[in-house]
Amino acid sequence: MAQDAARPKLIKHHAQVMFNRCVTPDQYIIRLHAPAIANTSKPGHFVQVDCGPETTLPRPISILDADAQSGTLDLFYKVVGRGTAIMAQWQPGQTVQIMGPIGKIFAAVEAPRQAVLIGGGVGVAPVDFMSRCLKSKGVDCTLFLGMESPSPFELQPAICAMPGIPEEVSLSIAHLQAMGVQSRVAALVKREGWYQGYVTDLAAAYLQTLDEATLKNITLYTCGPTPMMQAVNTLADRFGLMGQASLEEHMACGFGGCAGCVAPIKVDSALRWNYRRVCVDGPVFDLADVRWDLIGKTVLPEEVTACGC
């Protein structure tokens, strides 16, 4: 189940830029000193970033890491428009305004349960963060990331082979391997040491080697493009797994006032559904509760009424 614990208080914070690193041609990791937000941020939370007077709306950015001791937040973003292009110009020492932490977070499992995490695009941030949090609690984690840009993280040869994974798919994420988190990377283009194909096919190759008892102990976590998460839901059905998805939607206010980021979510076992706000009712939902067949489709209000929602 997605975490329903009391949400932390939303805080507007004047944060100082510590660094703003270009890690691929169009992707950045920015570290902000924002102690009040870092203190309560968890995997699945995001912040709204004010990009300045040239933009009307703030930008929702996922949290890659939060360190309460140092008071820092790491955010992972891709330059896709005016707001993120402005962010890419920010320099160390600059003060920027952010609001957070926002949203419903991933629910942690405990050992002996295991976690399989699947991320894609900028959705790698919350699953990377979650894998480290789970591993710190003793949960066995396996992470698969799909990326069309070069990897934003340092890669290194994997120490251990993984069941079902071809030997030539040999690269893992360095900072996760150092913690004991197994990982592999996938892309549709051919790259040495990567799996060529969909990241969900890579994950399936691993899952199909596991016995029934092991599968019963696995929880899926995912964030990324909608088609990828739809495929993760198919994996969950195929292997009988529970899971959670952090949805990606365009947002305006970020705190539930505008209802501009809604997604179709089931309200009972009879498949009745209603729109839920991704910013505050999510972004994390149970995989099985999302009407993946309706994501991205226009459904008239009378159709919603007719189904009894």
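Glycine too: its Cβ is placed from the backbone N, Cα and C atoms.
CYS279 is the only one of CYS223, CYS279 that TrEMBL places in the [2Fe-2S] cluster site (with CYS253, CYS258, CYS261). The CA atom of GLY83 (FAD binding site) is located 18 Å away from the CA atom of CYS261 ([2Fe-2S] cluster binding site). In the three-state DSSP scheme, THR84 (FAD binding site) falls into the helix class. Most buried of the binding-site residues ILE61, CYS253, judged by other Cβ atoms within 10 Å, is ILE61. SER62 (FAD binding site) and CYS279 ([2Fe-2S] cluster binding site) have their C-alpha atoms 12 Å apart, to the nearest angstrom. The record assigns ARG59, PRO60, ILE61, SER62, GLY83, THR84 to the FAD site; their largest pairwise CA distance measures 15 Å.
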